[in-house]
Amino acid sequence: MAPIRMIDIAVNFTAWNAGVDRIIVTGGSLEESKEALAIAETDGRLFCTVGVHPTRCKEFEESGDPEKHFQGLLALAKEGIQKGKVVAIGECGLDYDRLHFCPPEVQKKYFEKQFELAYATKLPMFLHMRAAAEDFCEIMERNINKFTGGVTHSFTGSAEDRDKLLSFHNMYIGVNGCSLKMAENLDVVRGIPVERMMIETDSPYCEIKSTHAGINFVKSLWPSKKKEKYDKECLVKGRNEPCLVRQVLEVVAGCKGITDIDLFSATLYQNTCRVFFPQDLDAAADALLAGRNESQ
């Protein structure tokens, strides 16, 4: 089984939101979603998603009973909601870069099916779009009233793709190291409004590397060691870790010319809470943000 990925959705270095760090553990299949929920139950800071990644969508038909498989996902999502741990449906969407795992017609069928999960649970969606913007947006448009909001994470598309996503009023765009590889990527990211953006790591993948176009904006560094020499005081070399969300923040702020990084991180934090943790939105923080924006 592939490593379960973690999406870091709360920056932890601004004083006013200290103590409310959260990580979303991402499910990519029915079995992986069960494991994600089990992991989330081990720590108060952990939450999770329930859904099937586009490259795994053959599992619906391979189960022998696609509807029973769907009902298994729905039951798991409801269980996780009752436990206060499941905060989104996903990771679901379309991935035309890896059609050797799952053909496009199967991907489209079960991407659309998972909007029924979002509708039944009233949860937002954690979405994946790779080289499939046209079909993705067509399905989104047909189902726009079935979900409360969501994020298209690990965005690597064009400016046109970005603008298509932004045309959906309840859609945010998630940025990580894979979104920041080339100068062209940075140009696209510059055009994402701060109020429609989230940042993430997609740990253990998608780290910011020395070859990335925005590497000179990185200020925060941590010591690392090979996994064979594991040290709890160091990162594991070559593995993206949750704390590295700070580097994503620094690169995005740098490429957008943002100097008030604390205000920027606070805005991103509030964006994320609006989608995944609306019950925890901090009114005082919103007032702070409003006041600081008015003074600029």
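Each residue, glycine too, has its Cβ placed from N, Cα and C.
Features as listed in TrEMBL:
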{"type": "BINDING", "residues": "Glu91, Asp202", "note": "divalent metal cation 1 binding site"}
{"type": "BINDING", "residues": "His128, His153", "note": "divalent metal cation 2 binding site"}
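TrEMBL feature annotations superimposed on the structure.
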residue : record                               : Cβ within 10 Å
Glu91   : divalent metal cation 1 binding site : 29
His128  : divalent metal cation 2 binding site : 25
His153  : divalent metal cation 2 binding site : 29
Asp202  : divalent metal cation 1 binding site : 23
Whole-number Å distance between the CA of Glu91 (divalent metal cation 1 binding site) and the CA of His128 (divalent metal cation 2 binding site)?
-> 6
